[in-house]
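Student: Following this message is one structure expressed as structure tokens.
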Amino acid sequence: MEALSSLLTSIDYHDPIWIIVAYLFGFVVAQIGLPPMVGFLIAGFVLTTLGVSGGDFLNEMADLGVTLLLFTIGLKLKPAQLLRPEVWGVATAHMLAVTVGMAALLWLLAGLQLPMLSDLSVSQTLLLGFALSFSSTVFAVKVFEDKGGMGSHYGRVAIGVLIVQDIAAVIFLAASTAKIPSPWAVLILIALVLLRPVLIYLLRRAGHGELLILFGLVLALGGSTLFEQLDLKGDLGALFFGVLLAQHPKASELAKSLLSLKDLFLVGFFLSIGMAAILEPHTVFAAVLLLLFLPLKMGLFFVLFTRFRLRSRTAAFATLSLANFSEFGLIIAAIAVGNQWLPQDWLTIITIAVVLSFIIASPLNLLNTTIFKRFSPALQKLESRQRLPHEDWVYLGDAKALVIGMGRVGRGTYDHLRDEYEGKVAGVDFDESKIRLHEDEGRNVLPGDSSDVDFWHRIKNHEHQLELVMLCMPNLQANVNTAKAIREWGYRGRIAAVSKFTDEEDHLQKAGVDSTFNMYAEVGNGFAQHVLEKGE
């Protein structure tokens with residue numbers, strides 16, 4: 001709770017001005033189709049150029065944002081995901097290869113007597129290579145949440161890789177600061193696992209309103225504080241407490257209840273990152289030079305993913321989400337500078353490189369579907385002949401209706417259609433835990449990312465009997481991408497989709513949707529009809 005107390009006592013009257021500036025830049029950037037976080041980063045650049053410096057409020061806001069982010073990641077994380085070869089194998093091999101490869105390239109460039117590079121030793125190039133091998137967890141999660149890809153296969157793989165990287169960073173931090181975790185750490189972690197039933201009981205009894213939000217804050221901030229007392233990284237404490245609740249059905253609701261709060265605090269994170277970059281000719285030159293390594297980093301990710309039997313689309317989307325440098329690289333650089341392992345200017349250089357990599361990666365991820373379509377013939381040639389089980393052929397059987405997105409809306413839609421179509425209905429969802437629950441309840445649900453054109457081309461029986469496809473996903477972009485993918489596949493039947501707001505209906509219809517159902521506008525009609533039918 002120390003972090004929350006610090007936030008409430010560190011507000012400076014200048015800070016609202018920074019937030020207004022962040023809003024203006026975020027708004028302008030959003031109007032041209034880029035994620036608002038790019039605007040927040042640029043706002044930080046501009047404020048620094050004008051001589052404005054950050055304050056305690058902004059720093060605490062950023063820290064709280066990252067803590068809540070790690071907690072919500074934990075709520076969605078299944079520990080078994082980290083044990084998959086395509087996760088730990090890719091993360092480990094990539095980190096080793098990038099560290100050594102970038103170190104070698106930096107050492108060769110040092111021989112050219114380029115500014116800031118000529119005086120680097122071999123050990124310093126290895127340290128820089130290690131710092132630049134990390135990708136940003138904050139950036140990737142924001143991208144997935146904005147595009148509705150958090151539960152997709154490529155999203156789960158990328159998050160798994162990032163967590164393996166985070167663990168490597170924690171090991172480095174412990175070694176570099178000579179801080180050994182408290183001898184009580186193991187016992188306390190075991191005790192927390194044993195106390196999980198108590199936490200689950202409190203979660204169930206927290207209701208659906210403000211108590212649920214406060215419960216999440218207590219666990220996230222309390223976990224962070226506890227781990228710091230054990231000489232462990234505080235953010236990992238928030239992640240750990242999230243993982244403890246991840247298997248419970250209400251974990252998803254808890255994550256959603258914290259979404260707006262987390263997004264608000266993360267504005268401080270992106271703004272503070274931008275403000276940390278001091279622009280000078282020699283530091284900007286060196287930062288731009290580091291950006292030239294990004295294509296090599298991306299290429300290696302893609303090759304490794306495909307060697308571990310991921311399809312080209314999954315590998316490409318995961319690669320694009322990891323196509324940046326990381327806030328963890330900044331932390332490593334700060335420790336290296338503090339220990340006099342690196343010159344002071346390198347902290348500034350890596351800060352600028354991180355900011356610029358975010359700005360470059362944002363449109364790449366926004367246009368990931370378009371980019372993949374453009375290069376898919378070449379990328380598919382790099383696929384492994386063998387595929388992972390959940391990326392194999394898709395069989396629809398005799399289904400005449402297909403429900404995509406098997407959440408609460410999808411479940412009700414499926415059950416109604418099952419009666420109408422005499423059981424000839426199938427569902428699609430990318431969340432494996434949901435699929436198992438539906439199978440236990442007798443529903444025919446297939447695993448897959450419906451917004452992936454390849455998913456439709458993996459349908460074995462081209463003589464399908466589909467008459468109706470219903471898009472029940474809560475994310476507009478996911479529904480739009482799916483509708484486009486279905487039409488591109490060649491389906492000419494009827495497509496219906498849910499929407500939340502009237503302006504979403506135009507986007508859906510332009511994507512090929514025949515009819516839309518506004519959940520908020522139509523719920524009253526459904527409620528009245530339900531009551532009248534019960535009364536008859």
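Each residue's number is its place along the chain shown, starting with 1.
Placement of Cβ uses the backbone N, Cα and C atoms for every residue, glycine included.
According to TrEMBL, the domain 'RCK N-terminal' annotation covers 398-519. The annotation transmembrane segment is assigned in TrEMBL to 20-45, 57-75, 87-110, 122-144, 156-178, 184-203, 210-227, 285-305, 317-340, 346-367.
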Student: Mind checking which residues of the chain, 6+ beyond the ends of the transmembrane segment (122-144), have their Cβ under 8 Å from one of its Cβ atoms?
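Tutor: Cβ under 8 Å, 6 or more out: 35, 37, 65-66, 69-70, 72-73, 94-95, 98-104, 106-107, 110, 150, 152, 155, 158-159, 161-163, 165-166, 169, 172, 266, 269-270, 290, 293, 297, 321-329, 332-333, 336, 341-342, 346, 350, 353-354, 357-358, 361-362, 365.
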Student: Can at least 3 Cβ pairs under 8 A be found between the transmembrane segment (87-110) and the transmembrane segment (156-178), with each pair 6 or more apart in sequence?
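Tutor: Since 3 or more Cβ pairs under 8 Å link them, the transmembrane segment (87-110) and the transmembrane segment (156-178) do come into contact.
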Student: Any contact between the transmembrane segment (346-367) and the transmembrane segment (20-45), i.e. 3 or more CB pairs below 8 Å with pairs at least 6 residues apart?
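Tutor: These two stretches do touch.
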Student: How do the residues of the domain 'RCK N-terminal' (398-519) split into helix, strand and coil according to DSSP?
Tutor: 51 helix, 27 strand, 44 coil
Student: Same chain only, please: residues at least 6 beyond the ends of the transmembrane segment (57-75) with a C-beta under 8 Å from a C-beta of the stretch. Say none if there are none.
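Tutor: Those are 3-4, 6-7, 10-12, 15, 18, 137-138, 141, 159, 163, 216-217, 219-221, 223-224, 234-236, 238-246, 251-252, 254-255, 258-259, 261-262, 264-269, 271-273, 275, 327, in sequence order.
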Student: At least three Cβ pairs under 8 Å linking the transmembrane segment (317-340) and the transmembrane segment (156-178), pairs spaced 6 or more in sequence?
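Tutor: Yes, since the transmembrane segment (317-340) and the transmembrane segment (156-178) share at least 3 Cβ pairs closer than 8 Å, they count as touching.
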Student: Going along the chain, which residues at least six beyond the ends of the transmembrane segment (20-45) come within the CB cut-off of under 8 Å?
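Tutor: Residues 139, 142-143, 146, 266-267, 270-277, 279, 355, 358-359, 362-363, 366.
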Student: Against which stretches of its own chain does the transmembrane segment (184-203) lie, if we need a Cβ under 8 Å and a gap of at least six residues from its ends?
Tutor: 212, 215, 219, 226, 230-232, 240-241, 244-245, 248, 250-251, 254
Student: Mean pLDDT over the domain 'RCK N-terminal' (398-519): what is the value?
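Tutor: That stretch averages a pLDDT of 86.
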Student: State the non-local partners of the transmembrane segment (285-305) in its own chain: residues 6+ outside its ends, Cβ under 8 Å from one of its Cβ atoms.
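Tutor: Cβ under 8 Å, 6 or more out: 86, 89-90, 93-94, 97-98, 101-102, 105, 109, 114-117, 132-133, 157, 314-316, 318-320, 322-325, 345, 349-350, 352-353, 356-357, 360, 379, 382.
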